[in-house]
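Database features, via Swiss-Prot:
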- 57-67: motif ''HIGH' region' (MOTIF)
- 552: L-isoleucyl-5'-AMP binding site (BINDING)
- 593-597: motif ''KMSKS' region' (MOTIF)
- 596: ATP binding site (BINDING)
- 888, 891, 908, 911: Zn(2+) binding site (BINDING)
């Protein structure tokens, strides 16, 4: 007889190799055929809603690692929620207006000057849709489950119509106004920028100290003094109309040779050192407030420079006397407005100085620095010129420096509802908790929101102008424009004349001749995506406002989190979200930012083509995503190793359940042995721990718990000793069926627990599980932890056994290294445990030699009775010897019972019995 044919070895069709790059696309096709998204919505219908609202990625180019991290995190949450009593619809979105698309078309050779705005916008829309399609396929390849056939896209007519309504609501409440104000202005984009569209980079600038002679001392000064200002933007000096001092600071009149200068007393030493003054003496001090309304002369123009009080003046740098140009700075503007100064801005859209800067007209602002500095030197006003490198705002798209420039713009007044914004921030749950402080400070400190852009590709600002210049925004015009956009899209604004965009028969007292013109500016793209709570959450039947969660990168505190909050609070008085979760950026393996120049860019597509989507997803679950995260080939290799371990665990479980029918073979919990029940306790602990981790969005805890369970609880312990019973005993042996019952519970629970993270693998495992009826594991719920009555006692006892077992394993390892034994089944062990451990061992009814995977086990005396040369460990001394007897051909155990049964002379007594009872006819 061939004894190896009597062993019940694992049998399964489930493949050992994942081959994910090939297998996943096939699985995704299967999902598409069975309409998995709709099936899940049907399955969870009627449950309470959980809405994770997708912040729309920008529709341009392939998805990068940041996109992958973001979408996969969202998918974890949505999948988990749909398996824990919620209906969790997920509608993906795209942000599709804005400058990058205009630039992409220009780069493709589109000659926009040769076509109408409407024609150019049509090309922009076509391009945007192509990009949406491209990104949609890449997101699907990640295994993200979403309503891919019905996404929201910001350029769609229904969306634009709702955005117009949001604008109209804000205007009606008095939150929208037009004003002349310095805004971030990008000469390279020729447009105003929002705070979210700027980034800081190092820039080399001139650093100059300039003297402004006093013209009128107002009886505080004698008139022969000079104010000293410091600036790094000499090009703004033609726009200087004043000097700001702090009311509470003390100022010194300093005599240097024959000159007298005015500076803040605190800065005397620094300025004296910088300007290399020798023998400088303070002749008088005055309070800043006393200098108010004194007048200085502009250094090279025949005009006054008014001295004003401003709280923005600091002693961090400079002289305490601040050059003030209301057309070129937020603080300057505020102070200038208070003192009735005009808003002078002698720089045009392209960043070129105009004829309001005589002597420098026609120069690009940056190129004007040198001639202006030379002019200052010529008139004797330049006290010092050096160059510094400092952090300076740049256009996030063109990467070029920006300027502050006063222009006529449309604004949303944040001031008008700042209090409500701050309250809304406090009512929201922030993860990480510092998110609250971050957004609170932004909302507290931010100025009014400049919402107009001088571009073509975007949603038009729905304002008309009467003949007398009055802006027209009424319920009637807003509703009419919204209806037109819903029917024709926003391009209708550029295709029709103003009168054809107004309601029929519309009249206005400011237009006696019935003539009107329309606004040509478009809205900031942050107003587009920031209106999604109205256009998507409020409009779609399957969603609701506020959403339960917004989840984006930490750059969105100043972006989408902020703009969504502003429009939602303005329109509804409440935040659009109950909770906000943010993640960090993806860096390379060394913690560097990814960039083309370094050549360290990791692309999701490459990972999916080489390793598979589930490996990328497993990586996402493994990192501390609330901070910046790292990725590299080495890191992915480690993750792939963990995946292999999880996959092999599934394969082992399936292989050993090939002949198991849960309805016929399952053993009742009460009839299981202690060690099997202990394994169920460990499984229930895992279920509890993993579900708690999912609940708190701690996916790394899920990853580690599952990995540890597979390697430590299963592989190193339970599955290791169970093989002896699973393979050797007869099919229906009670111990074998008991272990299979546990393995079955473990398999079903484990498959469900990994589903949110490894959906392809979980759905690949699912149909192989005996007795399952659901078409997909995604149509099931998370396992429930079953509390065993004696769970605590089992845990105490068997956790103690596991620590003692560790001591035994160490001893066996030493014996192997010293060539006392070959493998552990060659061993005979005698234990000399502590009193506590001895009592525990005596209470175990299971076969201890099976649990230790040795051929012979003996319990000696107490630990202090052990032979002197026996290695002592924390809980026991262990004597390891070669087991006596011969090796059984079937089970490999060393036994003195080999050949006792004459018919099976190469088998031990146990195997001979199993063979006779099960295989001999």
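Note that Cβ sites are derived from N, Cα and C of the backbone, with glycine treated the same way.
Residue 891 (Zn(2+) binding site) sits 56 Å from residue 552 (L-isoleucyl-5'-AMP binding site), counting Cα to Cα. All chains included, 25 other C-beta atoms sit within 10 angstroms of the C-beta of residue 888 (Zn(2+) binding site).
DSSP gives residue 911 (Zn(2+) binding site) a helix state. Residues near residue 552 (L-isoleucyl-5'-AMP binding site) in space but far in sequence (CB under 8 A, at least 6 apart, same chain), listed by position: 55, 70, 559, 560, 561, 582, 583. Long-range Cβ contacts of residue 908 (Zn(2+) binding site) within its own chain (separation 6+, distance under 8 Å): 888, 890, 891, 893, 895, 897, 898.
Residues within less than 8 Å, Cβ to Cβ, of residue 911 (Zn(2+) binding site) and separated from it by at least 6 positions along the same chain comprise 3, 728, 888, 890, 891, 904. Residue 596 (ATP binding site) is surrounded by 7 other CB atoms, counting those within 10 A of its CB over all protein chains shown. Within 8 Å of the Cβ centroid of the Zn(2+) site, not counting the listed residues 888, 891, 908, 911, the chain contributes 728, 889, 890, 892, 893, 895, 898, 907, 909, 910, 912.
In the three-state DSSP scheme, the residue listed as 'ATP binding site' falls into the coil class. Reduced to three states, the DSSP call for residue 552 (L-isoleucyl-5'-AMP binding site) is strand.
Other Cβ atoms within 10 Å of the Cβ of residue 891 (Zn(2+) binding site), summed over all protein chains shown, number 20. A coil conformation is recorded for residue 891 (Zn(2+) binding site) in the three-state DSSP classification, outside any helix or strand. In terms of DSSP helix, strand and coil, the motif ''HIGH' region' (57-67) has 3 helix, 1 strand, 7 coil.
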